[in-house]
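Heads up, here are the entries from TrEMBL:
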BINDING   A:Arg55, A:Thr56, A:Arg105, A:His135, A:Gln138, A:Gly268, A:Pro269  carbamoyl phosphate binding site
BINDING   A:Lys83, A:Arg173, A:Arg227  L-aspartate binding site
DOMAIN    A:3-147  domain 'Aspartate/ornithine carbamoyltransferase carbamoyl-P binding'
DOMAIN    A:160-306  domain 'Aspartate/ornithine carbamoyltransferase Asp/Orn-binding'
Amino acid sequence: MKRHLISAADLTRDDAVLILDTAEEMARFADRPIKKLPTLRGRTIVNLFFEDSTRTRISFEAAAKRLSADVINFSAKGSSVSKGESLKDTALTLEAMGADGVVIRHGDSGAPHRLATSGWIGGSVINAGDGTHEHPTQALLDAFTMRRRLVGEEGAALDGKRITIVGDILHSRVARSNVHLLSTLGAHVTLVAPPTLLPIGVDSWPCEVSYDLDAVLTKSDAVMMLRVQRERMNAAFFPTEREYARRYGLDGERMARMPEDAIVMHPGPMNRGMEITAEVADSPRCTAVEQVANGVSIRMAVMYLLLGGSEPALSRDDTARTEENN
Amino acid sequence: MTEQNKTLLRGARILGGEPQDVLIEGGTVAEIGQGLRAADAEVVETGGAVLLPGLVDLHTHLREPGREDSETVLTGTRAAAKGGYTAVHAMANTFPVADTAGVVEQVWRLGKEYGYCDVRPVGAVTVGLEGKQLAELGAMHDSAAEVRVFSDDGKCVDDAVIMRRALEYVKAFDGVVAQHAQEPRLTAGAQMNEGIVSAELGLQGWPAVAEESIIARDVLLAAHVGSRVHICHLSTAGSVEIVRWAKSKGWNVTAEVTPHHLLLTDELVRSYNPVYKVNPPLRTEADVMALREALADGTIDCVATDHAPHPHEDKDCEWGAAAMGMVGLETALSVVQHTMVDTGLLDWAQVADRMSFRPAAIGRLEGHGRPVSPGEPANLVLLDADYRGQVDPAGFASRSANTPYQGRELPGRVTHTWLRGRPTVVDSKLVGAAGAV
Ligand SMILES: [Zn+2]
């Protein structure tokens, strides 16, 4: 694996499967009464959030703490960052503080790439979502959830699984990361959206594209509904909320047409009544809550593999020491 | 320093032709021939270097007044001289905007005082580049700065009525409106060329149609009112087709291309390095090839640098926060040699046409863009075309270093530049300027 996790496209199939398998180990560990591992003791991880996202930040924070890392939360809101301090100066500050890993969420596409390649810092950079570019750990936790539900076998990938991603592809970093990762893992991905919410150039992506949700639903093992901001209609991406929900929303009737074991996914936060109805969101087929729990395991696995070295995540010794030290 | 009285160039290849001697005397080319003698002349052994007329840039951002942290008339004209230019057109998007006779005369006077390169200011089309009210175009034309080119560059004159009126109005004094073709609604928030790469990078696209639709409208407007229009930094294959069509109709349309659009593509944006952030954006390989072909066949009239200096901090940041633009004066001739001459698309006589004769003609600039012949002004540049070297911005005369070519090997090196017979560059180094003589 590379030193940073910037794009899901950077992961080979072996890398991705290793992360998923490591996350399974982490998940098993989380079921024990003592949830802490000493793996990253003495290491400092900074959560550098230029955009508000409590959900994602808490997930990374929980993951780092379960690995015994020291966690510093650096939120841009109300700090010098929002008063015009540059990403570079912030990075130099973190470097001076000895950050071993920086988890960055930024509104500009490419900011994590810039942070990792500019020479401003020496530590590993983990992209926690940049602009409309990528959100690789979200894609990993999605793949983890799919593998558990649809394959149920460690060491496996997602070969032949039919994954449909529906919604605002144009502005979605989740979609971009998922297209890369799921295709790497052997899945067949279909994007469904009104043409206005698909980027020019999407035809070069390793996936299919459809404007017709009903045509794709019956051939899907998983349907991932993306959040659609209501404000998009003000920029003429679609006429009204109602029309969007009718053509591209998932309701109980549509869900009933999906194959029996197919799952409904959502990266959250959900816009109930827009892309998904309450009936679907609250149904046992919807994995939204599971995805959140899986997020912590995946982020533990990523931090462990990027920062913790190459030995197995949970040797017997580690386990023993953990119990001693808690 | 006073004007060099006599200079004898031995073995210079005029426009890339056979080696000849050229005698410069009193600011003009005095004599051309074999085995010339002039006992009192300073002799330059050219070793078969290429001798071209001094280059003329239709599109330079000198940044003064207002952004002297990125460039000044002094540093910008020194950079121009090092790049082989003897005249530059200084764009109007300064602070204050060059929309009055007072501001354009100030810029013009500074250029004259420093004496490295003639500075011909471009006047704003509209007051404050706001696109609403015509600036006093006639006053700028009549001023000492002799403005002939008008542009809101940096912004598009997007209002069709304002554009029509501007085109009509400048007919009275043979001016030209140079349009920065960018439909603003289609490019709000745009970060790079819209296409395969922008889709992957998640950067908001700047579609080719935003340029092409304005060019289509403006060539039609120019034809309708019988005026001439010049298209700045044409960047797409579609734009080439529209200009080619307009010219086939006999309409008075001219166009420029930047060196960077002849060489670089949007693939470079994958690095998210803001040194590649420019407006209009870097396009695709197909666009680059169409632009080269169009420059070769004359559809595109000239090369213009769009030299756009920015301070280091405006590029040493994330892509979205970075300023758009690249410096270009000191690398333009090398990039043209690399993309057009070394590829066999242009010979040196055609380079002289695209980088000197035609831009001077479009700008109605007298004394520049003249043939290298006896009696003509000695605005000349000597180029060591065999040189190969890496671009090192540390050696730039420009105050800014935002070049996309750092570390790239490019051919050719300007060794000498003469402005009306007086050297501004000798052995690739600037020589003290004389000021107005
Ligand atoms: Zn422009």
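Cβ from N, Cα, C; glycine included.
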Given A:Thr56 (carbamoyl phosphate binding site) and A:Arg227 (L-aspartate binding site), what distance in Å do their CA atoms have, once rounded to a whole number?
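The Cα atom of A:Thr56 (carbamoyl phosphate binding site) is 15 Å away from the Cα atom of A:Arg227 (L-aspartate binding site).
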Note the Cβ centroid of A:Arg55, A:Thr56, A:Arg105, A:His135, A:Gln138, A:Gly268, A:Pro269, the recorded carbamoyl phosphate site, then list each other residue of that chain whose Cβ lies within 8 Å of it, in sequence.
A:Ser53, A:Ser59, A:Ala128, A:Gly129, A:Pro267
What is the separation, in Å, between the Cα atoms of A:Pro269 (carbamoyl phosphate binding site) and A:Arg173 (L-aspartate binding site)?
14
Considering every residue in the domain 'Aspartate/ornithine carbamoyltransferase Asp/Orn-binding' (A:160-306), what is the mean pLDDT value?
96
With CB distance below 8 Å as the criterion, list the binding-site residues among A:Thr56, A:Arg105, A:Gln138, A:Arg227, A:Gly268, A:Pro269 that sit near chain B.
none
Go through the binding-site residues A:Arg55, A:Arg105, A:His135, A:Gln138, A:Gly268 and tell me which ones have a CA within 10 A of the CA of A:Arg227 (L-aspartate binding site).
A:Gly268
Could you measure between A:Gln138 (carbamoyl phosphate binding site) and A:Arg173 (L-aspartate binding site) for me? Cα positions, answer in whole angstrom.
9
Would you please pick out, from the binding-site residues A:Thr56, A:Gln138, the one with the fewest other Cβ atoms within 10 Å of its Cβ?
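Each of the binding-site residues A:Thr56, A:Gln138 was scored by Cβ atoms within 10 Å; lowest is A:Thr56.
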Quick one: DSSP breakdown of the domain 'Aspartate/ornithine carbamoyltransferase carbamoyl-P binding' (A:3-147) into helix, strand and coil?
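Output for the domain 'Aspartate/ornithine carbamoyltransferase carbamoyl-P binding' (A:3-147) reads 67 helix, 27 strand, 51 coil.
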Taking each of the binding-site residues A:Gly268, A:Pro269 in turn and counting other Cβ atoms within 10 Å of its Cβ, which one has the fewest?
A:Pro269
In whole Å, how far does the CA atom of A:Gly268 (carbamoyl phosphate binding site) lie from that of A:Arg173 (L-aspartate binding site)?
13
Does anything in the same chain, at least 6 positions from A:Arg173 (L-aspartate binding site), have a Cβ under 8 Å from its Cβ, and if so what?
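The answer is A:Gly129, A:Asp130, A:Gly131, A:Thr132, A:His133, A:Glu134, A:His135, A:Gln138.
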If you count Cβ atoms within 10 Å of each one, which of the binding-site residues A:Arg55, A:Arg105, A:His135, A:Arg227 comes out on top?
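That would be A:His135, with the most Cβ atoms nearby.
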Where does A:Arg173 (L-aspartate binding site) sit in DSSP terms: helix, strand, or coil?
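For A:Arg173 (L-aspartate binding site) - judged by DSSP and reduced to three states - the answer is helix.
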What does DSSP give as the helix, strand and coil breakdown of the domain 'Aspartate/ornithine carbamoyltransferase Asp/Orn-binding' (A:160-306)?
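Summed over the domain 'Aspartate/ornithine carbamoyltransferase Asp/Orn-binding' (A:160-306), the classes give 65 helix, 24 strand, 58 coil.
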